Amino acid sequence: MTESAIDDQRFNLTKELQRHSCRDQGKITQKDDALDFISYSSFQSSFNTDQKSANNGSTVRRSIRSIFRRAAELPRVHMGPLTYSHGINELVNKKLRKDCDLSTLCRVLQRGIRMIRMTRRRRKFYEFKLINNNGQIIWKDGSKYLELDSVKDIRIGDTASTYQEEVDPKRLRSDSKLWIAIIYKVSNKLKALHVVALNELDFNTFLSCICGLVKLRRELMESILLPDNSQFARIHWQITVSEKEEDEKKDTLSFADVKKLCDKFHIYVSTGQLLEFFQLADINHNGLLNYFEFEKFIKILKNRKEVNMIWSKFTKPPHSHLSFENFFQFLITEQHEQVDRQTAWSYFIKYREPTQLTMGQDGFTKFLKEQPYLVEVKEELYSKPLNHYFIASSHNTYLLGKQIAETPSVEGYIQVLQQGCRCVEIDIWDGENGPVVCHGFLTSAIPLKTVIRVIKKYAFITSPYPLIISLEINCNKDNQKLASLIMREVLAEQLYFVGTRTDKLPSPRELKHKILLKSKKTSEATRGLSVNEPFPSSFSSSYESANEQELRMKDDSTNSSSATNSSSMQRIKRIGLKKHADIINDVSNISGIHGIKFRNFSLPESKTIAHCFSLNERKVEYMIKDKHLKLSLDKHNRRYLMRVYPHVLRYKSSNFNPIPFWKAGVQMVATNWQTNDIGQQLNLAMFQILDHQPDGSFKSGYVLKPKKLLPVVTKAKMIPLIYEHFENGSDPVTVKIRILSTQLLPRLNDTSPSRNNTNSFVKVEFHTDDEPTMPISIDKGTRISATEASTKSSQGNGFNPIWDAEVSITLKDTDLTFIKFMVISEETQIASVCLKLNYLRMGYRHIPLFNMEGEQYIFCTLFIHTQIL
């Protein structure tokens, strides 16, 4: 029995079960029919094939055309999301109702489920409905809606409790188990829809339906856009024309049909080039494509000339297949893989022709697509003291936007921890009912306990290595006691104290699944060692200038009627905070790292093993410019910890260039993760390296410093000798990168300047700590500066544009060198990626591309070839 026949029988059985379960609803309507593809997809993935049962099924065939054709009539609607979200893997695995299929659940939600929408101001009943044609959930009579493709995560149970306390502190206990928080994005801003179901059945139905649809729409994009040519053609034909094999010869597609189909599935080719492909496939020359001609059209469309060139290099005529010996040679000479023959054979077997001992071009292309592009790190590299590592660090973690008047949110902590951040910041202030977390600039606040619970939940979701919490204590002694009690109770055995250890800091491997608090020492502990300091050393020095602004705001607000409610008054109280916040023993005793006020590097407090200086970017930049201070800074950071954070004038949460601070050996270079500018892209690239962990964890958040930054010295004057030694032992490095092509390039939106323009080029930027020994050059493009160049424009093809341009640059070394690729059309950036150069594997690699918000496109990649000579 053929696979397609089995699929048909699977569907028939599914359809029969579905009809049986819905008998009381009468005849299945066209709206029901529109959901058949949902039932088929979900059932196909879970059904164990039973041919005997299948043969007894009905002869009803599935019809998925209706949903796609109705969707095709909506010009702004595509078939699924373009990008992945950081929490998508956890999201799509949520499934509570197993007693019925997704199609049945969706029918219920189409009719509407009555629930309570929760906001900080009110609780109100609404009927929530699914509009299946364009993937929306609507309420408030359709005036409010949520796009399923914009959903980033769904929180229930413990993960939703933090939102419950934030939105409705006086909620009923019975609400907690029925609360659903949907995190989604609108205009690049995260929002949350909080709903409470009226009963467990509605809760399970709504949750299972939303999670199932989000998962299905993502899989739809993956399965339709990425299969082999024949499968690709069949899926698109069935969606657009007919599912019946007997119709393949008589049904046809016009050029207008093909153009609409391409647009719907993010296939952007100029009208002229698309017409050329259409005419090449139109063997009958009748202006229409039957199925076999359409299959040829897909083959022409997806033909990759750049891969053909690689293929012909290793398969000399008359051979049309790749032998194992040639494949092994390709791995060693082109890919620079350090593999033995046994490992190479395992790759070869996976991608070879099913019945032969050779590899075809389709298998070879698939191999190229699926090969990793980043190097891996072994766990033994995490055995050195903490001060030997760069640590992924966040500034103002609780903010999702600019600093002034921005509402704090636990979502900030969830997002950075999902991305591998290992040092988060908590600003603790006095609240009406205990310690709260906020920025202090007339913002609302989150209960500290809520934040600590979220951190505990997500602390090790991505990385098993230690998490550092940088505490900014701005509250009175009573709230400090409460804060220490909260952290002891919630974090419990995960808290780590350095104690009396004086020789060296523990390693990341020793501290797996541990949490270290960083706070200022008590005034008693620092008395006699330093002058009185009104704020914790880790407290942002920006407060001094900001406090003056806040006091003026306080004076202006005293007579304002807008500050009459208790929440606003509490914000004013925080502004009038006294200029002194002594740290009590309760907080200091549970801290593993102690922040101290920086005066100079020679005092006794600068030599305690667990101390940490916390300085703003300008103070460190000043040190770097001074010859003697620069050496002292370098010497300190070889043995002790330091944290650098953005200056107060970055009120829009922009980021600095982190490279000079890494070059100075600073471990915790804290950036605003909520802003995806070049500073944050460099920061993410530094910690993008994958870990070879048994549990599959990745993005450890710890990167071993370059070797020249590791040797501990007793005298600062020894440091130049270290650098001289490493420079003498290494030659300049020439980097050659051939930019070949991109695949499935997306279009920004319908109103973008490149709406009807499929011409694009790639801009390349090298970001490094030193001037290049030899500036950048490019063979098919334009040099912009010593470190920047751009390719020529690829005309007419936005689906798989080819550039085949090589850039070359010579550098002193690659320890702190990053490369950024940007795909640009009509001066509009479509996609980009930033990589640390020495993480990049050699040879041919497909690099995933990201949108302007830093989210990875599901199907868009950049194909390059890299050599380091």
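From the backbone N, Cα and C atoms, a Cβ is placed for every residue, glycine too.
Annotated features in Swiss-Prot:
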- HIS395: active site (ACT_SITE)
- HIS439: active site (ACT_SITE)
- ASP282, ASN284, ASN286, GLU293: Ca(2+) binding site (BINDING)
- LYS518, LYS520, SER614, ARG643: substrate binding site (BINDING)
- 558-568: compositional bias 'Low complexity' (COMPBIAS)
- 382-520: domain 'PI-PLC X-box' (DOMAIN)
- 546-571: region 'Disordered' (REGION)
*Which residues in the same chain, at least 6 apart in sequence, have a Cβ under 8 Å from the Cβ of HIS395 (active site)?*
GLU425, TYR645, PRO646, ALA670, THR671, ASN672
*Just the number: how many Å between the Cα atoms of ASN284 (Ca(2+) binding site) and HIS439 (active site)?*
70
*Should GLU293 (Ca(2+) binding site) be counted as helix, strand, or coil on the basis of DSSP?*
helix
_HIS439 (active site) and GLU293 (Ca(2+) binding site), Cα-Cα, nearest whole angstrom_ = 63
*Given the recorded Ca(2+) site (ASP282, ASN284, ASN286, GLU293), which additional residues of the same chain have their Cβ within 8 Å of the Cβ centre, ordered by sequence?*
THR252, ALA281, ILE283, HIS285, GLY287, LEU288, LEU289, ASN290
*Hey, which of the recorded positions HIS439, LYS518, ARG643 is the loneliest by Cβ count within 10 Å?*
HIS439
_Counting by DSSP secondary structure, give me helix, strand and coil numbers for the domain 'PI-PLC X-box' (382-520)._
41 helix, 34 strand, 64 coil
*Measure from the CA atom of HIS439 (active site) to the CA atom of SER614 (substrate binding site) and give the result in Å, rounded to a whole number.*
18
*asked:* Looking at the binding-site residues listed here (ASP282, ASN286, LYS518), whose Cα lies nearest to that of HIS439 (active site)?
replied: LYS518
_Among the substrate-binding set LYS518, LYS520, SER614, ARG643, as the record gives it, the longest Cα-Cα distance in Å_ = 13
*Out of LYS518, LYS520, ARG643, which of these binding-site residues is nearest ASP282 (Ca(2+) binding site) by C-alpha distance?*
ARG643
*Could you say whether, by DSSP, ASP282 (Ca(2+) binding site) belongs to a helix, a strand or a coil region?*
coil
*Measuring Cα to Cα, how many angstrom lie between LYS520 (substrate binding site) and ASN286 (Ca(2+) binding site)?*
80
*asked:* For the C-alpha pair, I'd like the distance in angstrom between LYS518 (substrate binding site) and ASN286 (Ca(2+) binding site), rounded off.
replied: 74
*Using Cα coordinates, what distance in whole Å links ASN286 (Ca(2+) binding site) and ARG643 (substrate binding site)?*
70
*asked:* I'm checking region-level scores; what's the whole-number mean pLDDT for the domain 'PI-PLC X-box' (382-520)?
replied: 90
